[in-house]
Amino acid sequence: METDPGHLSDRHFRSVADLVQHHAGIQLPPAKRTMVEGRLRKRMRALDLPTLEAYGRHLFEAGHLADEFPHLVDCVTTNKTDFFREPAHFDLLRTTIVPRLAARGDRPLLKVWSAAASTGAEAYTLAMVLQDMAADRFRYAILGTDISSEVLDRARTAIYPEEMLEAVPPDLRRRYVMVARDPARREGRIVPELRARVRFQRLNLMDESYPIDRDVDLVFCRNVLIYFDKPTQKAVVARLAAHLRPGGYLIVGHSESMAGVGVAGLDQMSSTVFSKLRDSGR
C-alpha cells in the first residue's frame with residue numbers, strides 16, 4: 001500500500017539522513033523532516049515520480065543512487081548567502097589581515113579560498129575588498145568551492161538580483177556591478193575584472209583530502225561547520241589548516257561555536273579568527 005503521497009517512509013527518511021551525514025557531514029534530525037520532504041518534492045516532480053516514497057525507491061532500490069546523489073545534496077543543503085555577510089570580517093581584512101599578509105613581501109600573489117562558496121557572493125565580496133586594496137601592492141586569486149554543482153553554476157554566471165546586491169556599499173556597487181540594461185530584469189552582474197580573479201570548483205569538505213594548494217593565505221569557511229557534529233568539525237578544520245601557509249588565516253562564522261574544536265598549529269585570535277603558527281609543521 002502506498003504511503004501518503006507527500007511523505008517519505010520512516011525507513012527511507014532514515015536512509016536519506018544517514019547518507020547525507022556520511023557523505024556530506026550534514027545532520028538531518030527528525031525535526032528537519034518536513035523541510036527535507038518539502039525540498040525533495042521538487043526533485044520528485046523533476047523526475048516525474050508520483051510520490052516521495054517512489055522517489056525513495058528510485059534512490060535506494062532501483063540502482064539510481066550514484067547518479068541521483070548530487071541532486072539529493074543540492075536539494076537538502078542550505079544555500080543562503082549574501083554580499084558582505086558578517087561585515088566585521090571584511091573590516092578586519094582591510095585593517096589588519098590583508099596589510100599583514102601584503103607586508104610579508106615574500107610573494108606578490110595572495111591566495112584566498114572561499115570553502116563554502118554557495119552562489120558566489122562571499123567570493124565576489126572578497127574580490128571587491130581585495131581589488132580595492134591591491135593597487136600595485138599585490139595580486140590575488142580567489143577559489144570558491146562548494147559541494148553543490150548547481151550553486152557553482154550560478155556562481156560562475158555572477159548574476160544576482162537587485163535586492164541581493166543592495167548589501168554592497170554604493171561606491172563598490174558602482175565600480176564592480178554592471179546593471180542590466182533592461183530595468184525590468186532587476187539584476188546586476190559582477191564586472192569581468194573581478195570575475196577573472198575568481199574561479200569555482202566542486203569540493204566536498206567531507207573528503208579525506210582536498211585537491212587544493214597547500215600554501216593558501218586566507219580561508220573563509222563560514223556558516224557551514226554549524227551543520228556538522230564536533231568530530232566532523234574538528235576533522236574538517238584540521239584539513240583546512242593543512243592547506244594554510246604558516247602565518248595564514250582561517251575565518252569561520254559568528255554562529256559557529258569552536259569550543260572543543262582546537263587544532264594543533266592554529267592560534268585562536270578571536271572567536272572566529274585563527275592564524276596558522278609559523279613554526280607549525282602542518
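The backbone N, Cα and C atoms fix where each Cβ goes, and this holds for glycine too.
A quick note: this is a predicted structure, and the numbers were derived from the prediction, not measured.
Positions annotated as domain 'CheR-type methyltransferase' by TrEMBL: 8-279. Residues annotated as S-adenosyl-L-methionine binding site in TrEMBL: ASN79, THR81, ARG85, GLU122, ASP146, ASN204, LEU205, ARG222, ASN223.
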| field | Listed in sequence order, residues with CB under 8 A of LEU205 (S-adenosyl-L-methionine binding site) and six or more positions away | value | GLY25, ALA115, ALA116, ILE147, CYS221, VAL224, VAL236, ARG239
| note | Mean per-residue pLDDT in the domain 'CheR-type methyltransferase' (8-279) works out to 90
| field | Packing count at ARG85 (S-adenosyl-L-methionine binding site) (other Cβ atoms within 10 Å of its Cβ) | value | 17
| said: Is it possible to get the count of other C-beta atoms within 10 angstroms of the C-beta of ASN223 (S-adenosyl-L-methionine binding site)? | reply: 20
